[in-house]
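Chemist: So TrEMBL lists these for the protein:
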- G111, T112, N113, G114, K115, T116, S117: ATP binding site (BINDING)
- R378, D402, N403, P404, R405, G455, E459: meso-2,6-diaminopimelate binding site (BINDING)
- 23-74: domain 'Mur ligase N-terminal catalytic' (DOMAIN)
- 109-304: domain 'Mur ligase central' (DOMAIN)
- 327-457: domain 'Mur ligase C-terminal' (DOMAIN)
- K220: N6-carboxylysine (MOD_RES)
- 402-405: motif 'Meso-diaminopimelate recognition motif' (MOTIF)
Amino acid sequence: MTIKELLYKVPILATAGDMEAVINHLTLDSRNVGPGSLFIAVRGTVTDGHTFIDTAVRQGASAILCEEMPVNPEPAVTYVQVQDSAYTQGLIAATFYGHPSRKLNLVGVTGTNGKTSTATLLFRLFRALGYRVGLISTVQNQIDDTVIPATHTTPDVITTNALLTDMLKHGCTHCFMEVSSHAVVQQRIAGLHFAGGIFTNITHDHLDFHGTFDNYIRAKKGFFDQLPASAFALVNIDDKRGMVMLQNTAARKESFSLQTLATFKGKLLADSLFGLHMEIDGKEVWFKLIGRFNAYNILGVYGAAVLLGEDPEEVLTQLSGLMPPPGRFEQVVSDEQIVGIVDYAHTPDALQNVLETIDGLRQADEQIITIVGCGGNRDAAKRPIMAEIACKFSDKVILTSDNPRDEDPMAILEQMQAGVPPIDFKKTLTLPDRREAIQKAVSMANPHDIILVAGKGHETYQEINGVKHDFDDRQVLLEAFANVKSGSVDTP
Ligand SMILES: CC(=O)N[C@H]1[C@@H](OP(=O)(O)OP(=O)(O)OC[C@H]2O[C@@H](n3ccc(=O)[nH]c3=O)[C@H](O)[C@@H]2O)O[C@H](CO)[C@@H](O)[C@@H]1O[C@H](C)C(=O)N[C@@H](C)C(=O)N[C@H](CCC(=O)O)C(=O)O
Ligand SMILES: Nc1ncnc2c1ncn2[C@@H]1O[C@H](COP(=O)(O)OP(=O)(O)OP(=O)(O)O)[C@@H](O)[C@H]1O
């Protein structure tokens with residue numbers, strides 16, 4: 001495709017060089033440039049892509065898209081100056097790949113919590129309904145059965161267009177994708193044509209990036225502002241910012257709620273460690289997902305499926321059979337009925353959510369044993385807080401390692417220990433070896449006790465000093481359960 005063709009409908013400030021130059025590759029990163037590449041210079045949070053224009057040219061770039069023309073342009077290279085190269089990147093990527101987002105039903109999910117759960121449930125539901133489906137999520141990207149590792153919650157828009165193109169080649173009719181607030185601000189969804197958008201909820205998070213809560217809300221709202229009139233905007237109106245998301249959107253305004261009148265109204269009839277019993281659209285259904293927050297995810301998924309034209313009864317039937325997404329309140333139960341729960345809760349807010357849910361569901365004589373750690377080379381402020389939350393809701397707590405990375409695991413654990421209230425010293429153990437921590441918890445548990453293994457969720461590694469060692473909480477729990485059964489772990 002020529003640069004001229006790529007720039008169809010793109011507002012341009014200036015150009016230099018041959019507009020018939022042929023482009024066969026788009027990239028934001030000078031390190032990936034080769035002959036035929038269009039290098040898009042974007043101002044980032046760490047550095048400015050414009051400083052790599054010369055490198056890109058030396059590596060053979062055919063064209064450069066930038067906001068500022070270089071002082072000494074190379075005559076053999078085509079330069080295009082635009083107002084906003086991050087935004088323009090989206091328009092160009094869509095043209096380069098032939099607008100794949102217009103050729104399938106692309107539904108985006110945004111919110112502080114529940115994006116992965118909602119997108120994954122939609123992916124599984126539509127597969128169960130007989131469609132070929134794509135998924136773009138934090139845990140993984142997927143095209144039907146083919147798993148593609150994910151680097152971001154929402155990839156850059158060139159990668160997304162490439163993924164959508166592959167999905168179309170595989171016959172996909174739907175793609176469900178997570179839309180992070182970072183992605184909205186950085187124009188990673190520019191030029192994508194959505195068939196629908198879902199808002200789960202918003203709580204204080206990512207303020208390191210957005211600065212203020214208002215900016216964070218505005219970022220989420222930016223997604224709904226972008227939806228076309230043909231799309232639906234489906235929001236959780238039990239969240240007080242739900243209605244804010246709908247202001248100014250051109251899309252059809254739809255809502256879901258457990259508390260008030262809404263397009264999709266649900267009622268939570270029962271909530272236990274075995275699942276949820278809900279009434280939706282006058283029908284009573286059991287679901288295998290656990291916790292009130294999943295009742296919201298179910299309603300959002302149900303609403304989106306109905307808005308996409310699916311038969312409500314068939315949707316409920318298929319939804320009732322779905323298991324939780326990987327590492328999201330995932331249960332591993334021993335033959336002795338010790339309940340292991342593996343959850344990705346790696347922030348104070350998520351840990352509190354998941355422990356409150358478990359606390360609300362257990363019987364009086366069932367203990368909660370929590371295993372928790374905090375990552376190295378990441379926010380240290382949360383370490384004592386997470387230990388304190390674990391103590392507040394648990395009968396026993398084991399502090400352990402969770403991706404210590406380049407830090408000394410014991411130093412991280414000492415910072416966690418600082419958050420343990422003195423009254424809880426007796427119920428808290430510190431075991432840096434995560435496997436040993438899980439085995440110890442299993443050896444301490446009685447039938448029906450609940451072991452929460454928090455933090456890693458779907459992850460299958462433990463990162464120590466730059467090396468990712470195989471480690472899967474679910475697998476280690478299963479092994480520990482088997483060892484207890486065969487008597488190879490001491491029981492007190
Ligand atoms: C803070 C942040 O969001 N950073 C993202 C951003 O990078 P940046 O703006 O910091 O880029 P930069 O390093 O300043 O570089 C500027 C430009 O120079 C280019 N460059 C740089 C070096 C070089 O040698 N040559 C070169 O061309 C870069 O490719 C880039 O285009 O744009 C990049 C391209 O899209 C992203 O890969 C990168 O994600 C980083 C890795 C990241 O960790 N992001 C996280 C915070 C994130 O986005 N998370 C959300 C989920 C949040 C949640 O809900 O939990 C997500 O969607 O994943
Ligand atoms: N609707 C919801 N409301 C509140 N908490 C939720 C909701 N759905 C899931 N959770 C819990 O919040 C945590 C994150 O869930 P999930 O991965 O689905 O959210 P996310 O928005 O994708 O977050 P992340 O980007 O960190 O993965 C998990 O611990 C899960 O148990």
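Using N, Cα and C of the backbone, Cβ positions are placed for all residues, glycine too.
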Chemist: Just to verify a number: CA distance, D402 (meso-2,6-diaminopimelate binding site) to T116 (ATP binding site), in angstrom, no decimals.
Modeler: 21
Chemist: For ligand 2, which among the binding-site residues N113, G114, N403, P404, R405, G455 have a CB under 6 Å from it?
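Modeler: Listed by sequence, the hits are N113, G114.
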Chemist: Other Cβ atoms within 10 Å is the metric here; tell me which of the binding-site residues K115, R405 scores highest.
Modeler: K115
Chemist: Cβ within 8 angstroms of the Cβ centroid of R378, D402, N403, P404, R405, G455, E459: which residues besides those meet this for the meso-2,6-diaminopimelate site?
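Modeler: Going along the sequence, the neighbours appear as H346, G373, C374, G375, G376, S401, K456, Q462, E463.
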Chemist: What whole-number Å value do you get for the CA-CA distance of S117 (ATP binding site) and E459 (meso-2,6-diaminopimelate binding site)?
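Modeler: S117 (ATP binding site) and E459 (meso-2,6-diaminopimelate binding site) have their Cα atoms 15 Å apart.
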Chemist: Return the count of C-beta atoms lying within 10 angstroms of the C-beta of the residue listed as 'N6-carboxylysine', excluding that atom itself.
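Modeler: So the number of other Cβ atoms within 10 Å of the residue listed as 'N6-carboxylysine' is 24.
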Chemist: Counting across all protein chains shown, how many other Cβ atoms sit within 10 Å of the Cβ of S117 (ATP binding site)?
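Modeler: Counting Cβ neighbours of S117 (ATP binding site) within 10 Å gives 26.
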Chemist: Within 10 angstroms of the C-beta of T112 (ATP binding site), what count of other C-beta atoms is obtained when all protein chains are considered?
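Modeler: By my count, 20.
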Chemist: Compile a sequence-ordered list of residues in the same chain as G111 (ATP binding site), six or more apart from it, whose Cβ lies below 8 A from its Cβ; state 'none' when nothing qualifies.
Modeler: T118, I198, F199, T200, N201, I202, K220, N236
Chemist: Using DSSP, what's the helix, strand and coil tally for the motif 'Meso-diaminopimelate recognition motif' (402-405)?
Modeler: 0 helix, 1 strand, 3 coil
